[in-house]
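So the structure is just underneath, and the comments pick up after that.
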Amino acid sequence: MKEELIVKAYEVAKERYAAIGMDTDKAMDALQKVQLSLHCWQADDVTGFESAGELTGGIQATGNYPGKARNIEELRQDVLKAASYIPGNHRLNLHEIYGDFGGQFVDRDQVEPKHFESWMQWAAEHNMKLDFNSTSFSHPKSGSLSLSNPDKSIRDFWIEHTKRCRAIAEEMGKRQGDPCIMNLWIHDGSKDITVNRMKYREILKNSLDEIFATEYKNMKDCVESKVFGIGLESYTVGSSDFYTAYGASHNKIVTLDTGHFHPTESVADKLSSLLLFIPEVMLHVSRPVRWDSDHVTIMNDDTLDLCKEIVRCDALDRVHIGLDYFDASINRIGAYVIGSRATQKCMLQALLEPLDTLRKYEANDQGFERLALLEEAKSLPWNAVWDMFCLKNNVPVGEEFIAEVEKYEAEVTSKRN
Ligand code: RNT
Ligand code: ZN
């Protein structure tokens, strides 16, 4: 797109926003600071480099679009490619199964920081901060219960794994001079009715206490709940109530995955409650369709509401934004770009909201004025600001990235089989 055109449109938008008291330059500066944590697992349908076993744990990537990353080099190449179409500087969220195991089988209770040495170097070279996740799924010992397993030997295996993951996250955080956010999600649950709801939750609580006994300075723990998993439909040990209570009583970050709640539940509404009782929130921005299907995030009301709530709660520095979807049915690099840019577009609109005026209306009981301005704000030229933001960041403006992704597919990913 012609640069002059983008600049011209931006100048008009700037004036238009100034008229409602909003500064578009300031909004762009704020957006520049918002780092997304890109989930490494979108590049290869949550396969990882540990073994070629099937994906278990009640999650599923559907589709078999050609060209998925088959090894660490390809995954890195794809992530960098995707990042080159996303304005700003972002983080990479690794799962334990994506370690650099050098062709050896390293079991989960044996993993060490050295298996992430090459990742740490690579991340530093590319100015990408790392986040981390323990991996309870896709392993012979996964079963239906991991950290909540009554069998001590299995439980201890997963406790050891998770402790080691925290040590890895600590090393990452130390090396990058910025806390590594480590997410703990386990699939534990039951396919059919259980008569031991309390028992497994009590075991999980004790396992977590043991895991978190070591205090670290360079990593932050977060715990992620879920409603149900495939094959684990009747009961989830780590439910929302469980982790909300655990987080509030143990000062832990709670992860809200937008696909992990009942379909009509507003995840945006949870922020203001949680942030009063827990230090920070981690988000897994996704798009559930009918169920926790992990479709690619788009600019819809759910994502918009979520971003608006972050800004309205003045919580940009207390909410970490990660993405979590895995669509294997379309170009995977394109999926990264769509979801990331959609989240950023939502955040930009949130940053351009005339909040002071809206709040003044609300304080004065001017319901009509508040609703009218909310409606008008939806169609203000935020897209001209977005284009300018992309231009400033040297990434493709508008739909230009489609052709770029196609080119990479023709030249690189289509040659993989
Ligand atoms: C699963 C959770 C979890 C995973 C990743 C791969 O339902 O959302 O965050 O998607 O750990
Ligand atoms: Zn998630």
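Cβ coordinates are placed from backbone N, Cα and C, and glycine is handled just like the others.
According to TrEMBL, the features are:
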| type | residues | note |
| --- | --- | --- |
| BINDING | His260, Asp292, Asp294 | Mn(2+) binding site |
Item to check | Three-class DSSP secondary structure - His260 (Mn(2+) binding site) | outcome: coil
Item to check | Cβ packing number for Asp292 (Mn(2+) binding site), 10 Å threshold | outcome: 25
Checklist entry - Which residues, in sequence order, are found in the same chain with Cβ within 8 Å of the centroid defined by the Cβ atoms of His260, Asp292, Asp294 at the Mn(2+) site, excluding those residues themselves? => result Ile59, Lys226, Asp257, Thr258, Gly259, Ser286, Pro288, Trp291, Ser293, Asp324
Next on the checklist: Can you give me the same-chain residues 6 or more apart in sequence from His260 (Mn(2+) binding site) with a CB-CB distance under 8 Å?
Outcome noted: Glu224, Ser225, Lys226, Val227, Ser240, His284, Asp292
Next on the checklist: What are the sequence-distant neighbours of Asp294 (Mn(2+) binding site), meaning same chain, six or more residues apart, C-beta distance under 8 angstroms?
Outcome noted: Ile59, Ala61, Gly259, Ser286, Arg287, Pro288, Asp324, Tyr325, Phe326, Asp327
Checklist entry - How would DSSP class Asp292 (Mn(2+) binding site) in three states? => result strand
